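Chemist: Found this in Swiss-Prot, in case it helps:
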BINDING   THR13, THR14, SER15, THR267, GLY310, GLN314, ALA411  ATP binding site
BINDING   THR13, ARG17, THR267, GLY310, ALA411, ASN415  ADP binding site
BINDING   THR13, ARG83, GLU84, TYR135, ASP245  sn-glycerol 3-phosphate binding site
BINDING   ARG83, GLU84, TYR135, ASP245, GLN246  glycerol binding site
Amino acid sequence: MKKKYILAIDQGTTSSRAILFDHKGRITGMAQREFTQIFPQPGWVEHNPRDIMTSVYTTITELLNNTQIDVRAIAGIGITNQRETTVIWNRQTGQPIYNAIVWQSRQTKNICDQLTTAGYQDLVHAKTGLLMDAYFSGTKVKWILDHAENAHTQAARGELAFGTIDTWIIWNLTGGQVHVTDYSNASRTLMYDIHALRWDPDLLTMLDIPAAILPDVRSSSEIYGLTQTPYFHGEQIPIAGIAGDQQAALFGQACFEPGMAKNTYGTGCFMLMHTGKKAVESKNGLLTTIAWGLNGEIEYALEGSIFIAGSVVQWLRDGLRMFGKASDSQAYADRVSDNGGVYVVPAFVGLGAPYWRSDVRGAVFGLTRSTTKEHFVRAALESMAYQTRDVLSAMQADADIELKELRTDGAAITNDFMAQFQSDILAVPVLRSQIAETTALGAAYLAGLATGFWSSREEMTQHWAINRCFKPQMDKEQREHLYAGWKQAVAATLGFRVA
């Protein structure tokens, strides 16, 4: 039968999606299912790994039922996932020994503090390109092994398996036959040497984690195994692509050359710049990460993570009740010609790149009696653009590459005011992608390359299309004046201590 589709499984922090793409990279069907978030203590975030798989299976079933396609027309499956989230399970039974600890969770902060005090930060940064932070998988693995009954003994005997969510999904889809991850996900674990391309024995010793629990690390585009579940009507479909969500979005945006960058405007912002086959060490508060591994070669990226972006709009809507729908924010911002001197620094959970200060909290500056709701909303939207410039400035300094354009996706950038202001503050064109689901598209592309569904990256570049291009309209003097005000507001925020 002719292969007409690639299936992408996009497993995110709050929901799972199954999306079908055709040969032109167009969406032909989609299903989505949310699952329960677990908050055992303040700052802790967990998922039931079984709930994740149930949501994956449900979306596959709904998609196939809704589209009525012949399963045999699916050439392959690509998987993209919330990164860093950690699962450990029993190899024999397939049962998790504890909940999945989510990337957002801060429950391993004490472990990070102890390792930093012990002097391990430089070792971690040199080998992994990351920081000693609870964000990454390594300390989550240690926490589970330390707290689950008899876990260290079982792990040492090789009875347990660790995986990020991609690994957990593939294990289940293949009936427990395949225990793998890809370079992009391995590079986010705090245990993988991104230069030597191996699980690092020094880092494993530091964390007291036995190598026996680790998955094989493979390229981001190859056939890892075949499905062995009833959800595909008994058909064995190749699982052929893996990438962490932000790297998948970089691939889906066709950022294939050094200096090309994308920014995803979701709850937070994740900006990645392709740096080619060279791992660029950041001296400006960014992360060095593996973008993907293809055709025997590794390509790298610089990443800046902004903790609060689109969620500032949710705060205005739900917390302050300034408007009824998130989309109303654009109309409020457009009613005033400027921010009225108001700056919102949305450090609700601290500041991410390039500051990395988890101890600071949000602040608002410049309020007067003439400040209106419209000024406040505009200032909150502007904060996303300022934070993106903070990250871009660090990227350009680290990579010594001048950005020519910024490719964007995510819900917040559908706001035309936000997109135009972003272009003005960066002084570069902002290109909004025609397809919003660039993360899933990236996973589909990787699977399509491995199965021959697509022939080359050049073919994918031809498929990439712009919804709209926003070009800078602000003069340099005004741009720098506004950004100077932001830097002053951030400096004041960093200096404030909560009693």
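Cβ from N, Cα, C; glycine included.
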Chemist: If you measure THR267 (ATP binding site) to GLU84 (sn-glycerol 3-phosphate binding site) at Cα, how many Å is it?
Modeler: 17
Chemist: Of all the binding-site residues given, namely GLU84, ASP245, GLN246, GLN314, which is spatially nearest to ARG17 (ADP binding site) at the Cα level?
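Modeler: Closest by Cα: ASP245.
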Chemist: Please classify the secondary structure at GLN246 (glycerol binding site) using three-state DSSP.
Modeler: helix
Chemist: Given the binding-site residues THR13, SER15, GLN314, and counting only Cβ atoms in the protein chains shown, which has the most within 10 Å of its Cβ?
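Modeler: Comparing the binding-site residues THR13, SER15, GLN314, the most crowded Cβ belongs to THR13.
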Chemist: Run through SER15, GLN246, ASN415 for me and report the binding-site residues whose CA is within 10 Å of the CA of ARG83 (sn-glycerol 3-phosphate binding site), in sequence order.
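Modeler: Of SER15, GLN246, ASN415, within range: GLN246.
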Chemist: In whole Å, how far does the CA atom of SER15 (ATP binding site) lie from that of TYR135 (sn-glycerol 3-phosphate binding site)?
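Modeler: Answer for this pair: 19 Å between alpha carbons.
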Chemist: Do any residues at least six apart in sequence from ALA411 (ATP binding site), in the same chain, have a Cβ closer than 8 Å to its Cβ, and if so which, in order?
Modeler: TYR265, GLY266, GLY310, ALA326, ALA436
Chemist: Which one of these binding-site residues has the most other Cβ atoms within 10 Å of its own Cβ: GLN246, THR267, ASN415?
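Modeler: Result of the Cβ crowding comparison: GLN246.
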Chemist: Using GLN314 (ATP binding site) as the reference point, find which of the binding-site residues GLU84, TYR135, ASP245, GLN246, ASN415 has the shortest Cα-to-Cα distance to it.
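Modeler: Sorting the binding-site residues by distance from GLN314 (ATP binding site), the top entry is ASN415.
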Chemist: Give the distance between the Cα atoms of GLN246 (glycerol binding site) and TYR135 (sn-glycerol 3-phosphate binding site), rounded to the nearest whole Å.
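Modeler: Computed Cα spacing between GLN246 (glycerol binding site) and TYR135 (sn-glycerol 3-phosphate binding site) is 15 Å.
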Chemist: Return the residues near ASP245 (sn-glycerol 3-phosphate binding site), defined as same-chain residues 6+ apart in sequence whose C-beta is under 8 angstroms from its C-beta, sorted by sequence, else 'none'.
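Modeler: Non-local contacts for ASP245 (sn-glycerol 3-phosphate binding site): ASP10, GLY12, THR80, ASN81, GLN82, ARG83, THR439.
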Chemist: Roughly how many Å lie between the Cα atoms of ASN415 (ADP binding site) and THR14 (ATP binding site), rounded to a whole value?
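Modeler: About 22 Å separate the Cα atoms of these two residues.
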Chemist: Using CB atoms and a 10 A radius, I'd like the single residue among the binding-site residues ARG17, ARG83 with the highest neighbour count.
Modeler: ARG83
Chemist: Looking at ATP and its recorded binding residues THR13, THR14, SER15, THR267, GLY310, GLN314, ALA411, figure out the farthest C-alpha pair and report it in angstrom, whole number.
Modeler: 18
Chemist: So if I draw a 10 Å sphere around the Cβ of THR14 (ATP binding site), how many other Cβ atoms end up inside it?
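Modeler: A 10 Å sphere around the Cβ of THR14 (ATP binding site) contains 12 other Cβ atoms.
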